[in-house]
């Protein structure tokens, strides 16, 4: 028994089923997690190895290369990249998507264990770091007050523990502020006068502050441990620590050093709107609900604010707000789009009852979709909700076709029950096939194994779920409601008849039938015009006569701007702070800026600008960024101004639109080539924030050990490096406890004794055997420059140049860059490749093109199964190139670049545009049983034009709000909406003529072959 018949015969049962679905949908909706973007799995592992005091060149040779060579055999490894910094190495492993990272980490641990014997003894064991893309900083806070020391204590003792107690918070990181520290500043001359070295003093301090169990005593039947406690009650006790000199005499520590109660050397400053501040990053656990966790954190912050009224708390960034704003904007577009679709329905139907019947398909289908999303482990994000919004018009398509056919039977004189049963049954096969063709296009996307699939699989599943839900509603709920709500007199109202036959729509129908009749009589001319038009279009597109811009992911106005300031290497943090203050003063009167959160480090500074809400300002984030860039001119530093306009996260100071990678063996050559290419790129319009990774202007003293002499005296290269580092930078030798808190005790040579190269040469260092000599006796010291870091990709040195783009398309700028670089003379052994978003775009487009081909094949196969024919699906597929023409014209006219979401829209078109042709071909085939071919074609056009126009206009108008790209997050769906709207409109207009004409021609050809076969037989 058909499902539609059951629905009509058992209205109470079907109503209960629908109500159950609605109840489950409401529960599911409230339980669906909210995120900005879909959850993604990490494909990265990182290995960090610390080697104190070693230069980037040393790190590269003795650590990085060894790790790269040993991990290169890992199963599933895609690419290796690394950066060697001063004091540590970072190796990044990008695995193929789908690789089991747990198993990979186990293999990696085995490799690291085997490497321990060939890495430097002084280097720490390599640490494996797993990157979780879902564990984001949901809140960035700035707290400010007068007393930075007290502020730091409150942040660590109250804020951090309170926030970390919240379920879903992974960690809270605190930066800025002052940390109390005890400095033991040794006078080298006095130390040597007593025959001591730093190791002797360090050992004495450690011995005096050690805590150890020294034995046990018995008391009755109990054993009580004895512990020697070395804690100090005052700093004076530290000054009086006994040190045994070379002659055996005991002297207090104060004889050779001063003990200073101060702060750790400050390497950073943080400000909020010009005031000293600390920054707190609240990191969430990967699977937790961002919105829920953020709300609980804000509640805790309200309590902390009441308990600490003298502290100002400002929210620099709140991911929950971004998510709620984006989802709210998408939801508004959904509601407006649904309303427009219902209005169109009413204008066509001119009947409130029938409009209500179809309109119920939207909420019912959406609520049913939430149930499927919940059990499909999806989240509410801008892509999944965008899928619903883009498909809101399509949710009505099946119901429109069913109801329209029920109406035809109803007008013909059938009663409501019979009309509902026979009308729905007649088109059931067609709408099932059309739903399957639309759903089929998403199947290849689900099986793509990379980030693209992880981002758009939820979108694809949401659209598919909504279509399946709408199919169920169309075949159950709509027939049942029709059997109850249609007029009981068995006749349509006069307005409905007028709209069908004598009204404006009747005029449109008559014009269409005339065009269709002429086209059938001149079918070969029509096909010739079609082919010539397609050829001309393809030629114009290939020659650039029809402009088509391209980009990776559409920009979104997130209302955030980052300003990066780079000063010369070796610049002190105090000087950087002065430059930072100058930058703040230049920006504080820009009306769109709400807060300025800034920080300064030794030679770099960053300002994070938060703009007022988008609906309260006239300028976009990119326009404000341009003014910021203009105001920064005149500051003696490299300035990078980056607008946060990517849902994929921050792109860094150079942007990530285009990355130029220069690979080769020699760092000096790489640096020169980088400089040349930077100058070439600067001359290209639309380029911004050009930054190169290889920087060789770092001033440094280079220490070259005298190997033979050093070995004779018992010194190793690593030992010399470590001894110099301990003397100059200091070493934490113990801790001092006070009021339940511990503070580091740092031991080093007084700074005023190592202020120039001559004093460095006279620095006394000790070997493991206790021999103490001046540094210049075991090493040559030269002043020079070095590299701040050395990057490698796939085990080869690389210098990268990154840049952003403003007011131009990605593909256009890329072409200009390639032309410039192709004209350069690149030395043998050096190569130039491209990365960043331009590489992501090309890779994604290639995969999506393959996906589209597979989608076309799947759609063809579904239709072949429905029609039981190999020829009729071929005719229907002619709708696809027509839709592609419309899509390209839509993007070209609006000036919107083709991006990944736009390409997804193109794939959607493959499944959508064939639906109209399916309805026409299915109707022609059914009528040919009793009528001639021409009569069947004309009747199909005459009968199906109204539902086709209704489904097309409801789908298109429902996408209008999204196509405008208004509101945060809407930019992601705008290209997709424009592609579908333009492609569907263009193809529908031509499909109404072209498909019947092609059907006529193919049938003629088939008949000729049939006659030839009969004559031969």
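Cβ from N, Cα, C; glycine included.
All TrEMBL annotations are machine predictions without curation.
As stated in TrEMBL, the feature transmembrane segment covers range 427-447 out of the listed 427-447, 490-510, 553-573. Looking at 12-29, 30-47, the range annotated in TrEMBL as transmembrane segment turns out to be 12-29.
Range annotated as transmembrane segment by TrEMBL, chosen from 291-314, 459-482, 579-602: 459-482. Listed ranges 526-546, 610-630, 631-651, 652-672; the one TrEMBL annotates as transmembrane segment is 526-546.
As annotated in TrEMBL, transmembrane segment covers the listed stretch 356-376 rather than the other ranges in 230-250, 251-271, 356-376. Residues 330, 332-333, 336-338, 340-341, 343-345, 348, 386, 389-390, 392-394, 396-397, 400-401, 404-405, 500, 505, 508-509, 512, 912, 915-916, 919-920, 970, 973-974, 976-978, 980-981, 984-985, 988, 992 of the same chain, all 6+ positions outside the transmembrane segment (945-964), place their C-beta atoms under 8 angstroms from a C-beta of that stretch. Beyond the transmembrane segment (976-999), the same-chain residues lying 6 or more positions past its ends with a Cβ under 8 Å from any Cβ of the stretch are 386, 390, 512, 515-516, 519-520, 523, 526-527, 530, 872, 875-876, 878-880, 882-887, 889-891, 893-894, 896, 898, 901-902, 904-906, 908-909, 912-913, 916-917, 920-921, 924, 937, 940-941, 945, 948-949, 952, 955-956, 959-960, 962-963. Between the transmembrane segment (427-447) and the listed ranges 12-29, 848-867, 874-896, the one holding the most Cβ pairs under 8 Å is 848-867. Counting residues 6+ beyond its ends, the transmembrane segment (874-896) has Cβ neighbours under 8 Å at 534, 537, 541, 546-549, 856, 859-860, 863, 902, 905-906, 909-910, 912-914, 916-918, 921, 974-975, 978-987, 990-991, 994-995, 998-999, 1002 in the same chain. Same-chain neighbours of the transmembrane segment (356-376): 18, 21-22, 24-26, 28-29, 31-32, 338, 341-342, 345, 349, 384, 388, 392, 395-396, 398-400, 403, 461-462, 465-466, 468-470, 472-474, 477-478, 481-482, 485, counting only residues six or more beyond its ends whose CB sits under 8 Å from a CB of the stretch.
Sequence-remote contacts of a segment are chain residues at least 6 beyond its ends whose Cβ falls under 8 Å from one of its Cβ atoms, and for the transmembrane segment (848-867) they are 429-430, 432-433, 436-437, 440-445, 448, 452, 873-874, 876-877, 880, 900, 903-904, 906-907, 910-911, 914, 918, 921-922, 925.
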